[in-house]
Ligand SMILES: Nc1ncnc2c1ncn2[C@@H]1O[C@H](COP(=O)(O)OP(=O)(O)OP(=O)(O)O)[C@@H](O)[C@H]1O
Ligand SMILES: [Mg+2]
């Protein structure tokens, strides 16, 4: 049980990188990016192939991340220069990546059994700390990456990216090239997703063509659940919540499997989790709004509210 | 206060030449929004534009800012041809406040973050921190000039501000980096009379202090007469009246209404005859 628990938390922390990537597009850029289903597997494929070809695991992981950035930029170009809508440009990339991933691996999966991975290196380096060495190393790295994301989103470029997702018309009138901002955001996001895929491949010791299927939903589940549980009043808070959400998601899956869920039903369970998280966070928001407002004003307020409750405009 | 006429003849801050815009060309709903607009603003000119709904005022503003391309004609800002530049490239030179108070700020970002976005308008955005200690001080100072107490709410989300506060913030953001041209499209229209008055006063103050070259669209004739040094009336995509500074000083609403009826009559006749 304890073993399963650390395992789930470890996996959760690695998947958190993917969830952070989804957070960047879904929340910051307001761009529901489906590329991730493809780029997650791309990350795994590139890392696995590079490792089996004798590259160092670190280099392989960085290579995977770079491949993800390229994939994200392509989606960005399709959307901004090709004027293809957000969902469709993501779907196009996702489908194209399926073939590309097969090309990268040359077959449907690449085993890494017995190969040197980042995790075998960590274990041998920190062996005195067993069995928590992997969790510690992964945890620290993910927190560093979270910190880097927080920092980036506070820079001038980061603020412009956030404003692009928030109010495109406004940020364009402040001379930001919104096309470039979207491309940068998508590129970073998919870089993180591919990094996560690369680490998962090394963690489970194989890369598989189907490892990315449904990843977007897992990412959404983590983001939405995390925000609902841990709050999202600031960027720092939200990125923390997303990591928390990814871990909580893994724990839920673990318990579901323990009490006898058929692994084939996992995707269905994930979909249900997303629906519950979406609907309940919406209901909680409305409920909070109700309590704040005096009954007299209520009929007016119901009309035209965004998902995040833009409700304070004075008349 | 203004430059002597002689010098004005020399330099144009904004120059529109033969601007034409037709919507839905060659369809049943073809609409000539602008026909042959020629307009020159000298440095420090503050021009108010009035005209009935659909006269083409917003279209003109959008064409100047680059949100739309004209079918023909050229746009020059401070001697530089900007006709071919995209909206974001031109935005370095142009400050804008929109009619919709929601449009000018990013609602989920804080007041200081919004100001930081405005602060980097005329420079290359880098990995420098958007809001550092020094800038925070500057933002606070600037916000204090609004007398709305916003300087104490730097970290409040812009989405929580009232329409009037947001419009004041938008005006501040639009003029933060000293744009060469300031475009105001009915920026007080969505506010209640008191707030509208406040924003009008702020506009006057800001423009007079920095001598911005300004184009302001309004449906409020009183406002159009009180503000600025030149008044333009538009109708059916044309400038039908252009009141210079001296004449504008004595202009009344009755004058304007009379002139409008007269000119509109002429314009309609011409349409009928043509
Ligand atoms: N994108 C568009 N497509 C088609 N027609 C348009 C478009 N934008 C404006 N028009 C038309 O062009 C004409 C001028 O519109 P514009 O918005 O410039 O008027 P306006 O003077 O700003 O009016 P208002 O005082 O109501 O704001 C109108 O007849 C309008 O219907
Ligand atoms: Mg208009």
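Backbone N, Cα and C define each Cβ position, glycine as well.
Looking at the stretches A:266-284, A:285-303, the one that TrEMBL records under the feature transmembrane segment is A:266-284. The transmembrane segment annotation in TrEMBL falls on one of the ranges A:85-105, A:148-168, namely A:85-105. Highest Cβ pair count under 8 Å relative to the transmembrane segment (A:85-105), across stretches A:58-78, A:209-231, A:266-284: A:58-78. Pairs of Cβ atoms less than 8 Å apart link the transmembrane segment (A:12-29) most often to A:183-203, out of A:58-78, A:183-203, A:238-260, A:266-284.
Touching of the transmembrane segment (A:209-231) and the transmembrane segment (A:58-78) is ruled out by the presence of fewer than three CB pairs under 8 A, sequence neighbours closer than 6 excluded.
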